[in-house]
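First the structure, in the form of C-alpha cells, and then the observations on it.
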C-alpha cells in the first residue's frame, strides 16, 4: 500500500466517523429516540411514574435546537468524575474506562518516540532502495524497520526504544494508571457499606456430597462455633418442592465469620465440602447451583479442550464454507439469481466481499459461543462466567486475527510453529512486519467504524422504529442493555497488542491507535452514563485480564525484536534483548503477588472494619429478615413472582446500602 | 554387554552384598560398635544414666553367639508395625518406607508382565539378527524392544503393556499404597493430641514491613477479635538486646484462631502482613526469621536461577576438570609420581578410574550444595529447606544421570533438544534403549552397593575406631544422626524412574530393581529403628515429591513409547499412545486437588476437634507458661543455654503430648 492510498482510506473513514458522530448529536436530542440513546434515564422515569411519584418533566414540544448538531454530550461525558462513574455504573465500568486511559497514555508516549525518533530512522534507511523523493507514492514499508539497512548501527535506536517502551508500560501498569485502580479497589473494599452500592454481605456457599441437610447443620456448628449460623437451603425454604440438592446458601452474622468459612478447608477430604463466596442474588447462575466437585471439574476440562480446539481450528471450517459459497454454488442453489450474478459488478462484489462477509459472520458468533461454553463450566455467578468468556474471546482474537494473518499458512502449519520454540522469533520477525499495512487499515476501518456504530446504535435505532410501528404501548418495560464486556474488552486489548508489537516495527500505526483510544474514551463514557446499566459486578476482576494481555503483548514484542535483530545481522542486540522478556515476567510475577489477592478476596482489615460499622447500624434486623428470601431460585417460585424476581431481589439487598 | 558378563557382574555384587550383610550381623552385636549401629538406644541409655534413673542392663561380657552371623535383625526390622514406626521415627520415616513398599508393588507387577510377556516377545524378534542359540553369549539387546521387528504386530503387546502398567501405577498411587498414607496423615491430623508426637500448637507467624511492635499489637487486635492474642516478639522478650525486627511469633488461645490468622489475608496490601505457620522450635531456621517479602522473593528467584544453571551446566566444569587431571597433568604437578605413573597397570587404573572418581566426587558435593542453596531461599524451617533441597537434588539426578547418559552429547546440545519439543519423542526413542545395559549395571553396582554401605556404615565405623583411639571419654554426648532425606529420596525415586521408563523397553532391568527395593525396605527399616533419629517433621510433605516424580516417570515412558512406535513403523500405535500422557496428567490434576491440601493445612474439622479436647485438659496453663520461652533465638541466649537450646526446647513442647 502506498502512502496516498492510506491517507485516502483514513480520510474516508474519518469523514464517516465525523458524519456518524454529528448524526448522533442530532438524533439523541429527539425524544422518541431516548429508548435507544438514553434508556437508563427513561427506565428511571418509567419506574418513577409507575410508582406514581413526581410529574413528567420531559417536554415533548418541538424546538429548533433539536435539529442542530452540538458537542454538549462530549463535554458532559468528559466532565463526569471517576467517583461519579463508579457510583452510577459500578467498578467494572471504571475498569473498562481505565483501559482506554491506560492505552492512551502508553501510546501517547510510544507514539511520540515512534513518530519523532523511529520513523525518521526507518525512512532514512535504504534497504528497500526506493526513490527518495516522491513522498505520496512512497510504499508504507519505507516507514517500517524493514527499510533500515542490515547491520546498521541505527538499529540500536530501536533497541533502546524497546527497552524504554517496556519500562514505560510497566511503570504505567504499576504507578501513574493501575495503582490508582488498585487504590480505588482497596478503598471500595475498606469503605463503609453505607456509601457503596456493592455486595454488602459475604455469604458462604457450601456444597457437599451429602444430601442430608440436618447433617450439614450439625457439621457447620462444629466448624464455626463463634459465629451463629443461619442456614437456608432450597429444600428448607420451599415446602412445595421435594427435591433435595447437596448445596446450600449459608448466611453468617458477621462478614468475618463468612470469610473464615470461605478461606479454610472444612473437612478432611478437600473435595467433600466446598465453600465459595455467594454472588449477589441477581448474579446467580442457578443451573449450576448444585453441581458437584467432580461434575464441575470434568465439565471444566471438557470446555477447555473445546475452546482450545475451536480457537486453533476455527479457520478450517470458515475456509471450507467460504469455498462452498462461491459464485457457482450460489447459482446452483438459487437459479433465479443467475441473471443478476452474471453482471460483472455484482459478481465482483460477491466474490470480493462474500469470503470476508462469511468470516465476519462467524466472528460475530464467537462471543456468544464462548459465553455459552463458559456457562457450561459451572460457575456459580454470571459475572464469573462473563469474565471467563472474556479471556476465551481474547485468546481467540489474538490467535485468529493476529497469528492467522501474520502466519497465513494452513492452521496446522501455525500450530506446528509453536512446537519448535527455537524458531519462533525468526518466523515472527520474517512475517510480522509485512502485515503492518494490513493492521493499520484494520485499525482505521474496523476500530474507528466500530466506535461510530457504537455511538450511533444504528441497528437498535432501526429496530426501535420497526417495533415502534407495530406496538404502541407506552407503558412497556424499558429494556436497558448491559455493556457486553466479554466482547468489547478483548477488542480493545487486541488494539493494544497491535500497538505494542508494531511500536518499533512500523510506528506509523500509533497515531491511528491513539485516535481510536481517545474517541473510544469519550464514546464509552457517554454510553456507560446513558445507555448501559450494570446488571452485576465482577468487582474489577477484568483488570487482571488487561494486565495479563499487556504483559503478553510486551513479551511478543520482545520475541519479535530478538528475531528482527537476528535477521538484520545485529546479533549483539538480539542477545541483549533476551533479558527484557525475563525482566518483564519477573515484574509480572511481582505484580501477581502484590495486587492479584486484592481482586480475589476481602482482607481481614476491611472486613473487620465493616463488621464494626454494621453493629452500630439500626436496620440490621430488617436486613436479616430480607436475607431469608433473597436467595430463592426464580424457577422454583410461583410464575408471577418468578418473572420479576431479578428486578425484585436486586433492590432488596441494595435498599439497605 | 553380553548376558554372561552381566551375570558375572550380578554374581560379584550379590556376593559382596551378602558379605556386607553378614559382616553387619556380626559387627552389630559387638557392644563397642553400638555408637555406630544403634546410637538411638545408646543415646537413650546415656540420657537415662545421666538422669540417674535405672541400672545399666547391657551385659558386656563375651558370648560366642556374638561371632556368629544371624538374621534376627531382619526379622525384627520386618515385624515392626507401621504405627510403631510412626511413633518411633515420625511420619517422614513412614513416607520414606512407603516409597519402598510402593515401588516394590509396582515393579512386582511390572516385573511379572515384563519378564513373562514382554521379554519372550522381544527375544523372539529377529531385528538384530543374532544367532539364536548361544544364550550365554547373547547380547543383552536381544532382550530389549530393539529386537522386535519393525512394523511387527507383536508391538501391540508392548502397547497394551504400557496402558496396563500406567493403570497399575495410577491405581497403586491412588488405592492399595498412597491412600493408606493419606489415611494415616488424615488420622494423624484429626487424632487427639494426647496420642501423637507432633507439633501440637499452631502458631501464626507474622512478618511485616513496619518495625513498631505496638503498632502490630494494635493491628492484630483489630484483625482478630474473637481470639485472645498473646504476642511475643524478640524485642519484647529480650530486654538485653535492642534490635527490633519486623517479625514476631504470635500464639493463640485456640488452634482455630491461629488457623484463621494463617489462612486469611490480613492487610489491604498483601505483601505488608505475611502469616505463616510457625515451625516446631527445634525446626526453626533463625537466620531467615526477619527477612522481608521482597528479600525472600528476590533470593528465591536468584536461587532458582542458580539451581537451573548448576543442573544444566554441571557436566561442563566436571569434564574440564577431568581433562585437566589427566596423566600428563598429574606428572607435571607431582613430578615424584612420575616413576609410579609410568607403570602400565597404574596408568591404566588412573586413566580408567580418575574421570569416574572425579565425577563421583562432584556428585557427592551436590546434596550439600543444594541444601545450602535452599537455605538461602529464606524458608523459616529446616524441614521446608530440606524438602526444597530434595526436589532440587531429584531434578539434578534425573538430568545429570538419566538425560546426560542417554543423550551423551555436549551439554548445550542437550538443552537444545528441549527447545524443539516436536522431536523429543524421536530423539529419546533413538537414544534411550541403547543405554539399557548401562542402567542395568548402574542398578546392580550403584544401587546394591549403596545399600551394603548403608547397612554396614563402614566410614562411620572406621571413624569411630579412629576417634576411639584418641578419646576415652565414655560420658560423651552420643551424636545420633538424622536420615538425609534430601539425598536418599532422590536416589530411590531415580531408580523408580529407571524402572518405569525401561519397563517396556528392556524388562530385564526389573528383577534387579525389585531386589533393590526389597533389600532397601529391610535395610532402611532397620536403620530408622536403630540408627537415625528424627530431628524435625515435615508432616509427610515428601510424599507429593514422590507422587510428582512417579507421574513424571510415566509421562517420560509415554513420550518414549510414542517415539518407539513411530520408529518401529507402527504409527497407529504411536497415535493411540497420545491419550495416555493426557489421561495421566488429568489423574495427577485430580490427585492434586484431592490430596495435596491435606499435606499443607489442617482442615477445620480436625482443628476444632483438637481444640475441644484441649479445653478439657488439666495441664494447659502449664503449656502456656512454657510457650513463652519456647521460641527464643539461641543466638540471643546466654552462651551456656544456647548450646543446649535445641535439645531443651524440643521436650518442652513434647512434654505435654
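These residue numbers are counts, starting from 1, taken along the chain as shown.
Yeah, the Cβs are placed from backbone N, Cα and C, and that goes for glycine too.
Checking TrEMBL for transmembrane segment across the ranges A:301-325, A:376-400, A:401-425, A:426-450 points to A:301-325. Check TrEMBL against the ranges A:492-522, A:585-615, A:616-646 and you find transmembrane segment recorded for A:492-522. Taking every recorded stretch in A:106-125, A:301-325, A:492-522 and counting its Cβ pairs under 8 Å to the transmembrane segment (A:542-567), the highest total belongs to A:492-522.
Among A:6-27, A:106-125, A:345-366, A:106-125 has the largest number of CB pairs under 8 A with the transmembrane segment (A:492-522). Between the transmembrane segment (A:106-125) and the transmembrane segment (A:154-174) there are 3 or more Cβ pairs closer than 8 Å, counting only residues 6 or more apart in sequence, so the two stretches are in contact. Long-range contacts of the transmembrane segment (A:301-325) within its own chain (CB-CB distance under 8 A, at least 6 residues past either end) are made by residues 354-355, 358-359, 362, 366, 369-370, 373-374, 376-377, 392, 395-396, 399-400, 404, 411, 414-415.
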